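Peer 1: Sharing a structure with you now.
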């Protein structure tokens, strides 16, 4: 077998973190990056616009499979690649549900998967009606283009959606779920059907952005683990997802789980697997899209805590603080994405694993706090 | 702080395996490779001869520290770099003891470290006398150029060293140690003095080549762990070694440990740390040569077993068999060095970790056996 070649569209941190795994497994990785100096620059063989058909076609020539750092490649380009005979994983028919939240809600409802109550609304009046029927508040989402809290808002009147109604034919409105915490269930699925699940994790959000992940999810009952795994497996098969699928869930105050969002690529809630699972989500994604047998996804330790490091106004590169963090936290695993530290941007993460959740969480939070700007004033 | 740049001389698998760790820590790695298509080709910024002063000087320009994939860079070149103001870790004064076994034995004897009885011999008559005084057999070693069993032979008469006496002024002769097993103690040391030790491991050799490593060394007593750690720390400090130091040891049948060989770089007996320790030897080496604080080197599991994969006459690339191994052994961590599989050459390794040594060893051996040529005849 010649060396398999994986082409990744998008040069962000997800592409970057595939590189080490590809190297160990002897997989050649080629990245189509948006710009010079991307996170994945070490493997960026081309710089160009993923919305330009000829650029993507040219990039896909000679690779064994095309996969993604993000879900924004237009359907018509994905379908043109398929027509060219290129293997694309996940395929356009699956990615559609990650690109369009209305399509996703419709399909999940068809599958009988547990979702919050939702409606497609086209006017302020329709939105008003939904709000009135759901206790006076609801969550309004643009069907496309949302990420990290963008394209999502809580509304109490139809008029609060006025600007978005101008931009989109229809919007998604959902009940405001009364939840205890947020969870994420990641699985990987090969084209030939094999599915492997990581342990269920808890994710803590702040301002719509993932702040930390506790793995496995503390105090999750066997029943909850079973249910979330079954949901993710059902979605992976039902939507024919290939590669990593992340299912973000609400754990409601009345002990149900409801599906919040889907992502069809390695996901922030899976970064802990790099240090905390037998097989990381990046290795597993590469195996899956190449239709290679999947690895053991069990947790290595009783607890792993991953905390995102966000860019702040004070410092330019998180690596500036690595020496100080290493000195105080020899147990911390540090990861940088090689990006400039714009405020609020995810620029790296830190993970600590061990036998005791409280100790691990304490250490991870202490290490992560050393990247906060307040710290630099000491 | 700008991104630190580490220059690695030599493009073998040790340089290759530094690349993933460098990427996660935001360290730029540049490799001076011997030839195109080296193991470390992803990071090879230059191809040239490490014995050529101007080539090495040019390569070293602009890097923050020079380190090594191997110990063969001539002293005069290393010293010229120092004179140019380049940081070199480990330094020439330390590397000398890894390059010249007579110098190493002399220095270890001065330090009072436990070594086999040895002598410097210049003639067959001197060799005969040593053999006669040590039970009729001894181990003869060339002072330079040995690796993987090359430059080492068991002799029973002075005449058996005739060819080597022609090539070297003096040879090293050592008592034939009656040993129960071989051990390796790895430590990392920073220029500023901090030393961190990995657990003691057992290494199993076959035909002079490391076949497998059991980590931590099974049944090692607390006393033995303490002694081997103290020996390695003493050598690291005494020889001013910076970066990873591997001390290969004999555990004698009368319960002593004696130093066999030293290596001043990441070492085959430390490959298990990539999957089995909190901080791998490659990450630790990068931290150490950059004088960054060292990471936690404890074992993640009760047992890890690493087995080398050697090239055989039948198959061209070990990656040809990865799919089959993955299918049967989802727990196995596979590593390829991206090299052509010349018979006997180390081309990759497999590691399995877990709670039970017997199970882990069984799985690792079963996975590794799938790379044997007999297997392909099935």
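Even glycines carry a Cβ here, placed using N, Cα and C.
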Peer 1: Quick check on the annotation: TrEMBL has A:141, A:174, A:175, A:176, A:177, A:182, A:260, A:261 binding ATP, so which of A:101, A:211 does it put in that site too?
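Peer 2: TrEMBL lists A:141, A:174, A:175, A:176, A:177, A:182, A:260, A:261 binding ATP, and from A:101, A:211 it also lists A:101.
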Peer 1: Do any residues at least six apart in sequence from residue A:176 (ATP binding site), in the same chain, have a Cβ closer than 8 Å to its Cβ, and if so which, in order?
Peer 2: A:134, A:135, A:137, A:138, A:139, A:154
Peer 1: Given the binding-site residues A:182, A:261, which one is most crowded in terms of C-beta atoms within 10 angstroms?
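Peer 2: That would be A:182, with the highest Cβ count within 10 Å.
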Peer 1: Whole number in angstrom, please: the longest C-alpha to C-alpha distance across A:101, A:141, A:174, A:175, A:176, A:177, A:182, A:260, A:261 for ATP.
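Peer 2: Roughly 19 Å, rounded to the nearest whole number.
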Peer 1: Taking the Cβ of residue A:101 (ATP binding site) as the centre, count every other Cβ atom within 10 Å, in any protein chain shown.
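Peer 2: Other Cβ atoms within 10 Å of residue A:101 (ATP binding site): 24.
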Peer 1: Cβ-Cβ under 8 Å from residue A:174 (ATP binding site), same chain, 6 or more residues apart: which ones?
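Peer 2: For residue A:174 (ATP binding site), the qualifying residues are A:105, A:116, A:117, A:118, A:138, A:139, A:141.
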Peer 1: Quick check: in three-state DSSP terms, what is residue A:101 (ATP binding site)?
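Peer 2: SS state of residue A:101 (ATP binding site) = helix.
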